[in-house]
Amino acid sequence: MLTDRHKEVLKGLLAGILFYLSFSKLNLYFLVFPALFLGIRKNFLRLFSFGFSAFFLSLLWIRIPLIDYGNINPFIAYPALVLLVLFLSLYQFGLTYLLWRVFKFSFFAFPFLYTLVEILRSHLPYGGFPWLLLGVNLVDIPVLRYTLNAGTVFLGSFVVLLISLFPLFNKKEKIFSLAIITPLLIYGFIKETSYRVTHYGLKIALIQPFVPQDVKLNRELFELKYGEIIELVKKAVEKKPDLVVLPESAFPFYLGELEEKGKEILELSKKVPIITGFIEIDEGFKPYNTVVLLKDGRVIEKYRKIKLVPFGEYTPFPFKFFSKYVPYLSFEDYNRGNKVKCFQLNGFSIGTPVCFEVAYPFFVKSFGCEFIAVLTNDAWFRDSEGTFQHMKLARVRAIENEKFFLWVNNTGPSGIISPRGEVIKSIDYGSRGILLFSF
C-alpha cells in the first residue's frame, strides 16, 4: 500500500521524466510545462524527487566521457555522477525551496526564486553550470521564443514557470502574470511578422571531419586522419567560399608545429581564409584551447578559450588532491585566455567562442561581432543527449543576439542557425563532409 510520502515521491519522479523528455533528443519541449506543474509543490520530497530525477536522466550522458574516454572505473564514475546530480538538485531545487519557505510558499514567488537560483548556478561555483535552464525550451515555440531576445534565457525561464504554475495562482497573481506575459507576446508577434533575412553576400564552408574521440586521443591514429581532413579543406577551397571553418582542435599537431607539419593548410589559406581550432602550448609549456584565423599563409589572429570546463580542462581546488587516486584528474590544466575578440575579415567580423562557452548568454553577447562561429568537438559525447543539448544552446544564443550562428562540430551535427534560432542547413551526426551556405 502506497503511503502519502510514496505518492509524493512518485509524482516527483514522473515530473522528472517529463522534464528529461523536454531536454532529450526527442525534443518534446512542450512537456516542460506539465513537468513543472506536476513537480512543484510545497512538499520537499516531491520537489527533491523531481529535481534529482530530472537532472540525473538529463545528464546521464556524462558517463560517456568519464567511462569511455576518461578510463574511469564505472564503480567510481557512476557514484561521481550521482554526487554531481545530488549537488545540482540540492543547489537548484533545495536552495529554491529554502528561499520559498521565507515567502511562506507563495506559488507566485517560486518563478522569481527559481530563476534567481538559475542565474546563481550559471556563475557559481567554478564559473557555473548554465545547463538545463528552463528557458531553453522556448526556442522551438514561435512568438514566445522572442522572450529570449527580450531578456535572455533567464527571462525565458521565468516565463516558462509563470505559464506552468498559472493554474495555481490566485486571481491577483494571474492578472499580474498576464501583465508580464502579454507584452512579451506582442513583442514576439512583432518580431515574427517583421523578420527578414539580411543578405550579406557571403559564402561560407563549414567542415565536419568526423574524427571519433578514441582516434583523437591516439596521436598516431589521429595523424593518419590528417590527409582526409586536408582533402576536405581542398574540396571546400575549390568552391571558392569567402571563409572555411573547421572545428575545435581539428588537427593532430600543436599550433607551434603548424609551420613544420601544417604546410598544406597554410598554402590553402593563401587562397581562402581559414578559421580552425588548435591546442597551443606557450613558452611556459602551458596549454591553451585556441582558435586561429589563417590567411595568406600565416596566423593573422588568435583567440584563446576563456570559459574552461571544470574537470575537463582544469581540476579546480581542492579536487587536485584526488589526482593521486583518480588518474583522469592528473592532466595538465589548461590556461585561460584573457579577452574576447572579433576576427576582422573582408569587411565583416566574426567571434569564435569554443565549445562550453556557448552556454553563457552574457559572455557570448560580449563578443559583439556580426556573426558567431562556435567551434566544438562533441565526439566526447557521441550521439547522446549531451550533443543535442549543446547545439540547442547555440540556437538560444542565436535568437538572444539576433545573429547568424555557425555550429562547427567535429562529429556532428554541424549547421547554420538563423537569427531566430532555426537550423536552416545542417550535416547529420556521423557524417564527414562540407556544408556550404551563402547569406
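Glycine is no exception: its Cβ is also placed from the backbone N, Cα and C atoms.
For reference, Swiss-Prot has these:
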type	residues	note
TRANSMEM	13-33	transmembrane segment
TRANSMEM	47-67	transmembrane segment
TRANSMEM	75-95	transmembrane segment
TRANSMEM	97-117	transmembrane segment
TRANSMEM	149-169	transmembrane segment
TRANSMEM	175-195	transmembrane segment
DOMAIN	207-439	domain 'CN hydrolase'
ACT_SITE	Glu248	active site, proton acceptor
ACT_SITE	Lys305	active site
ACT_SITE	Cys355	active site, nucleophile
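Here the C-alpha separation of the residue listed as 'active site, proton acceptor' and Cys355 (active site, nucleophile) works out to 8 Å. Long-range neighbours of the transmembrane segment (149-169) within the same chain, counting only residues 6 or more positions beyond its ends whose Cβ lies under 8 Å from a Cβ of the stretch, are 32-37, 40, 107-108, 110-112, 114-115, 118-119, 130, 133-138, 177, 180-181, 184, 187, 191, 361-362, 396, 399-400, 402. Cα of the residue listed as 'active site, nucleophile' to Cα of Lys305 (active site): a distance of 9 Å. All protein chains shown were included, and the count of other CB atoms within 10 Å of the CB of the residue listed as 'active site, nucleophile' stands at 25.
Other Cβ atoms within 10 Å of the Cβ of Glu248 (active site, proton acceptor), summed over all protein chains shown, number 24.
Beyond the transmembrane segment (75-95), the same-chain residues lying 6 or more positions past its ends with a Cβ under 8 Å from any Cβ of the stretch are 47-48, 50-52, 54-56, 59-60, 62-63, 66-67, 114, 117-118, 120-121, 129, 326.
In sequence order, Tyr288, Asn289, Thr290, Val291, Glu313, Tyr334, Arg336, Gly337, Val354, Cys355, Glu357 are the residues of the chain that are 6 or more apart from the residue listed as 'active site' and have a CB within less than 8 Å of its CB.
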